[in-house]
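S.K.: OK, Swiss-Prot features for this one:
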BINDING   Gly220, Ser221, Ala222, Asn223, Thr224, Gly225  NAD(+) binding site
ACT_SITE  Glu243  active site
ACT_SITE  Cys277  active site
Amino acid sequence: MTLWINGDWVTGQGALRVKRNPVSGEVLWQGNDADAAQVGQACRAARAAFPRWARLSFGDRQVRVERFAGLLESNKAELTAIIARETGKPRWEAATEVTAMINKIAISIKAYHVRTGEQRSEMPDGAASLRHRPHGVLAVFGPYNFPGHLPNGHIVPALLAGNTIIFKPSELTPWSGDAVMRLWQQAGLPPGVLNLVQGGRETGQALSALEDLDGLLFTGSANTGYQLHHQLSGQPEKILALEMGGNNPLIIDEVADIDAAVHLTIQSAFVTAGQRCTCARRLFLKSGTQGDAFLARLVAVSQRLTPGTWDDEPQPFIGGLISEQAAQQVVTAWQELEAMGGRTLLAPRLLQAGTSLLTPGIIEMTGVTGLPDEEVFGPLLRVWRYDNFDEAIRMANNTRFGLSCGLVSPEREKFDQLLLEARAGIVNWNKPLTGAASTAPFGGIGASGNHRPSAWYAADYCAWPMASLESDSLTLPATLNPGLDFSDEVVR
């Protein structure tokens, strides 16, 4: 039984799904997808549970969410192993994901009060109040790269605000979704408040097509995000939050410490085997001997990165990609770039057929035109050389995406210029592109999102504002508008 609907584990009526470890091929999880009827059943359960859940005090909802945080802490080792084995990432990185899930609870509680919550301003004849109300039934679509942390960033603030939820994990990480759902079950959520439906495209289409859905919160690829936006077009009554990918630029200016700059670049481009939406995809490097030295050092250090299994000791920096198919897609993208005129500096290699262990790739594209503006979701970095900083910014902005952007430079003036001219939701200075503060919004513009950033701002799209003018008594105003006569004299 792999679906959680209305407080019960049930067997899916859709196609059989088998999840294997992407490196070893070991079967980790299997079960049947939810069919359209079961998706509808989950929605009805969430709708029935909504009034009572929304009427609970914030404190009552907070207690259950904090109980979930405690369960994450006490089950950290087990959940870490599940995420690592299912995604292929090393144990150390999966552990940081579970820690981020735990920390998200306190952050979301604080954000609710700061970003939403209630406010009251006294007026001479009463008061002006601002309250926030939950939307109702929300669908949450989870991605595979952070199958615990990223959907958690939607689910927790949505529950705190009083919404009920239908959660569909990525079809590539059903085991992680199952494990997290079982912890929510132990936290004592009332039946129907949070429902789990497993499945791929058909399940997702059935979920997003539900008429009785009040909104959809999505993290994933731009292609899927565009499809969801099209599917929900003409329905302004539904909240839609899209956090999508990026073709992210990193600009390397003058650097005093080449190794520090190389470390930052590797952390930006290759962490999580390049499977973060904020990863650097395009590197813009200043022409000259210093740039040459940096590039040679980057290739040399990147060449030493050997992906390994989730439990290898010592731990590798990167593990496998989510699937062998995903790894092969990166290799194919590199081959296509080379065919277009790119100069390979470091060729990506599949270490073994039948696995997703892929070494990083670096290819120089200076002077090559007609390149597709697409995100390659893996450890492949394209390099361009530039002559002046204005040119670097123009090249960085030459994309339909707008998620993250970064600058390595000792000059504050150049960072200030980038802040004014960059088209990105995250702009970092001498910090990896993959770094973000939990107390800041997370999201992008253009093809990277629809201006509804998550993280600190998630509370904003999980509730709608209700403004009120209030007075505990009703009296006739001392001064009336022109043309109003409330005298006792009878007009004939």
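Heads up, the Cβ atoms here are built off N, Cα and C, so glycines get one too.
What's the neighbourhood like for each of these?
M.R.: Secondary structure at Ala222 (NAD(+) binding site), taken from DSSP and collapsed to helix, strand or coil, is helix.
Counting only residues at least six positions away in the same chain, the Cβ atoms of Phe218, Thr219, Gly220, Cys277, Phe442, Gly443, Gly444, Ser448, Gly449, Arg452, Pro453, Ser454 sit under 8 Å from the Cβ of Glu243 (active site).
For Cys277 (active site), the number of other Cβ atoms no farther than 10 Å from its own Cβ, over all displayed protein chains, is 28.
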S.K.: For the binding-site residues Ser221, Asn223, Thr224, which one has the sparsest Cβ surroundings, going by other Cβ atoms within 10 Å?
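M.R.: Output over binding-site residues Ser221, Asn223, Thr224: least Cβ neighbours within 10 Å is Asn223.
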S.K.: Please list, in sequence order, every residue of the chain apart from Gly220, Ser221, Ala222, Asn223, Thr224, Gly225 whose Cβ lies within 8 Å of the Cβ centroid of the NAD(+) site.
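M.R.: Other same-chain residues with Cβ inside the cutoff are Phe218, Tyr226, Gln227, Leu228, Met244, Gly245.
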S.K.: Could you tell me which three-state DSSP class Glu243 (active site) falls into?
M.R.: strand
